[in-house]
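Trainee: Before anything else, here's the structure in question.
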Amino acid sequence: MAEDSHMQKQLEFQNGSLEEGFVVRSLENEPQNMMESLSPRKYSSSLKFKANGDYSGSYLTLSQPVSAKRSPSPMGTSVRSSPSLAKIQGSKQFCDGIDKNISMKPPISFLSSAASLGGYPLGKADLDHYTGRDSERSTRLSEKPPYSRYSSRNKSHDSVYFLGGLEGRKTSGSLLTMWNGNSLSCTGSSPISRSGAASMPSSPKQVRKMNLQDHSTLQPRLSRHKEPASENVSVRTRKYSGSSLSNMGAYSRSLPRLYKATDNQMSPLSLPPRSSLGNSRRGQLGEKDLPHSLVDSDNYLNFSSLSSGASPYKTCLSEGNPYVSSALSVPASPRVARKMLLASTSSDDFDRASYSGTSPSHSFISGEPDRVLVARRNFSCGSMELDDSDLESLRQSSETPQPVLRERKSSISSISGRDDLMDYHRRQREERLREQEMERLERQRLETILSLCAEYTKPEGRRLSAGTTVADVQKINKELEKLQLSDEESVFEDALVCPDARYRCHRKGSLQDVDVAGFGNLGHSASFLAPRGSRSDELLGDLTRTPPSSSAAFLKATNESSYLSILPKTPEDIGEEQRTQELAAMEDARMVILNNLEELEQKIKDINDQMDESSRELDMECALLDGEQKSETAELMKEKEILDHLNRKITELEKNIVGEKTKEKVKLDAEREKLERLQELYSEQKTQLDNCPESMREQLQQQLKRDADLLDVESKHFEDLEFQQLEHESRLDEEKENLTQQLLREVAEYQRNIVARKEKISALKKQASHIVQQAQREQDHFVKEKNNLIMMLQREKENLCNLEKKYSSLTGGKGFPINPNTLKEGYISVNEINESCGNSTNLSPSTQFPADADAAVTEPALAVPVSQPQSSEHFRSLEERKKQHKEGLYLSDTLPRKKTTPSLSPHFSSATMGRSTTPKAHLPLGQSNSCGSVLPHSLATMTKDSESRRMLRGYNHQQMSEGQRQKPEFYSRTASESNVYLNSFHYPDRSYKDQAYDTLSLDSSDSMETSISACSPDNISSASTSNIARIEEMERLLKQAHAEKTRLLESREREMEAKKRALEEEKRRREILEKRLQEETSQRQKLIEKEVKIREKQRAQARPLTRYLPVRKEDFDLRSHVETAGHNIDTCFHVSITEKTCRGYLIKMGGKIKTWKKRWFVFDRNKRTFSYYADKHEAKLKGVIYFQAIEEVYYDHLKNANKSPNPLLTFSVKTHDRIYYMVAPSPEAMRIWMDVIVTGAEGYTHFLL
């Protein structure tokens, strides 16, 4: 213990001498140190999810050795950091003294890359210093058994390891081999070497449970090896040692992998130094306290090693630097930290089970673990502001008992209701917004300070803007002070809401006056608790020179930096600067108004073009419809003419048939009159014959005979003529019916066509009227838009006039200077935003740099460099790769806008405070409701000037220096490689380079992408994030959509026509089927009527006594038929029968004159007639009966024949016109004639069932 006390006093003395040297050198190096300590801070957002990879230009070489006070803790030392290289060089002598005590230990080879602090490389003294500390480190490592947790998943995620001092454990591992150290087994070490990354529990309760187990396991080991640790441990001056990484296994495994620097990289980039509040607190702990490796300081990502103390078991030496250059950066937002905390699921349970199962006999005291999480809870609000009560608690913390382990409060896991969650989100969001604004203003101030320093290197004639820059810095300081005060109030308010969170771990150490420098180093470690590590470096750096008396003095010392005392400030200069700034702001506003005027005029021109195009389209469509309507009307007229012609043809057919019938009737009437005259003459002569004398009787008889023959001939001729006339009439009726039906079908078809054409003409008329109405509505809409744009144009002109008047009044009648270069038109793309963010990663979107700069007007000291073309190409390819994720977010962000390039950069002027100078008189043109329909028509004109804009940007790219080109390239590499990690969690790749932090994301409608789009009036210069490629892609998509719409309309029209044709065919087919069905129905009805007629007919006679029905076969043998019927033809000489004919005498009763006369009858199947002659010579034909007219042949059983010569031999032949009564000479002859005649009775259909 005495030796420990002596070592502590010697360390304090050394720290005092180092701080004196630091004060001397700080005035010379402060401007450069601040810029170089600021630049590593840029990596915090883009490196926190660094994926596994190895490349040059790595960013995690953080080996910064500093002197620190030794902690009496047996297994750990406190960490003291120094912001200057002077401390490191001054600590060489002290470390050399320590090396003498441990010279007996084997040396350790130094393989890590040279560390740097703020960009300064280390010299030989620093290497010696490293070697001494490494030797001391290996000495202590050789005396205790290391412990390493092993997990394959942890190993795949991290490269962070820690050693544990457990007895009987035969494993070895490197002490936090994150970058420089590779674990190697040395001579005599165990052949088994296991190492693994610590895992994080998935909940705070699990953390406490594991810490309890860790305490219970390690407490006996502490008491057992306390003496060797106090004897062998040496002073460590490593800033990022294992002691600054407490409880790594309990809190995260989602750390960026750390790799060894390449050989050709002599001075890699470094992150800003970080220490911990717990480190300063542990500097005052005694031996009774828990090792600082288990007492977490203040953050999610502080980890610790259990191998900080000494151990008698030596198993391995760490090759290279056994210390840690930590790249643990603060999560960009609490949401990301929450993801990291929840990343570990079950691996920690496995590790804890194996850990506790390995040595169950060792355990900690159960009351100790409550020290682990207290400090972390106190800083859940996201900022570390120290007031008097905090400092007092720090001084008295060594005597204060530790609080009992309690349930975690004021965290996201303790929120149960939706209202609480929304309130928590609102507070966190407001706090992060304040932090971003403070970071932006501080960065702006530091850039202005750097430009001030650059002004002193110029001649006196060039120092025109020094006063303006000083005024800028003053205004930025005021803004910073306001934001810091509001931030401090929010922190106090959160502490009042959660009183338990105010119980901090500051009580664990006393903060005396001599420890102010140590308190400043503590601020560097806790800088992640301040807003994104932006201002706490400067806050706590000022505390190393000025002890804080109160929170107000603390903020004032922070804001009023010593850099502002470089130039003198006078009221005249400030007034002139304000006037110059007002004039510059007015010139910028004039440029914006002129650009808006140009845009409005272009939009009015586009609307006029659209109106003309709409009018031309209307005329074209109306002309097309009119032509189609005319063609349909012409076809309709033709069909009507054809229909009239068909009707006339039907009428003429009827007239012709009636005329033919009339002619035949007239002819028949004439023949009838002639026959009647002959009959009258015959009757007169017959009367004269009865009255004439006997002498003239013979002559009169001869004359009467001649008249009788003539009467018979004429009667026969009249009957034939009458029959022919009847046949002709029936034939005419049949022809008339056929022709009429055909014509009627044609008439019906043409009528349907006429109806369809009338409907089509009506539809065309309706379509034409609808198109006219639609065109009228579009015209009214265009007129309304044009009027709105004209009103906006008038307002802009009025604003321009007012601005010119104001400028003239300020300048004494002078007008605005003419600068044609300020009227360049361009598109703000995502690449240009990325280029501007390459120089300032955490700038908010409202402070992005312009891509075009006027080199002739812009001052060289205030010129803002942009990214190099290679970085632009990389970002463009990156955007193409992520188009699927972002396409839905930027579809509304494709309007072109103007970019103004003022003579002085507006982003660092006091008039604008880094914001856009767009006037808020009206909404941006891209957001105007009246400009919504201009987008598709204006897309075609957007790509004309793309080549000239690329050349213009290429000219400005040549103005950048080599050092300024390396930073964006590095950011592009780190952002592109981080996409692998982000895509694995299914996050849309924001690249962490286009924006500061997405602090507006409780849901997607509140994210930065939607906030940066055109949703506020002052985003006209930064709202659009689309480049020329996206505009061309949008134009192509619009063309494809238009073509698809046209194709769909055409296909729909074709489908409608096909459906209409199908319906017409179906209708026609149905009509044909219906007509056929009607015909079938009518025929069936006729058949049914015939059957019913046979059944219902009151038959006046029975079935005729014939056994056969008519025979119509051509090869019919009449003779054989009669013989087959049973008749003996040879014995009946009254009848002569052949194969086709049958002849014989029969007595026939006359038709009109009921006289019985003997006639020679001939039945001829060849002629198909049954004719009778006067005698057997067949010279004088008396009458003809056609087979078609013969209906029935039957025996006269009713005795209807009047005055029949022999009623027993009388039979009847029934025809259509009359009934012929005949008397056969014998019964056999009667039966033969009846059977013969019935074979020709083709009109015999009543019994044809």
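Keep in mind that glycine also has a Cβ here, set from the backbone N, Cα and C atoms.
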Trainee: If Swiss-Prot marks one of S151, S241, S631 as phosphoserine, which residue does it mark?
Mentor: S241
Trainee: Among S82, S203, S1204, can you tell me which residue Swiss-Prot lists with the annotation phosphoserine?
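Mentor: So the answer, going by Swiss-Prot, is S203.
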Trainee: Could you check Swiss-Prot and say which of S81, S293, S347, S1004 is marked as phosphoserine?
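Mentor: Candidates were S81, S293, S347, S1004; Swiss-Prot attaches phosphoserine to S347.
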Trainee: Test of record reading: of S254, S329, S984, which one does Swiss-Prot tag as phosphoserine?
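Mentor: Cross-referencing S254, S329, S984 with Swiss-Prot, phosphoserine lands on S329.
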Trainee: So which of S183, S202, S383, S1136 shows up as phosphoserine in Swiss-Prot?
Mentor: S383
Trainee: DSSP on the domain 'PH' (1139-1242): how many residues come out helix, how many strand, how many coil?
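Mentor: The domain 'PH' (1139-1242) comes out at 19 helix, 46 strand, 39 coil.
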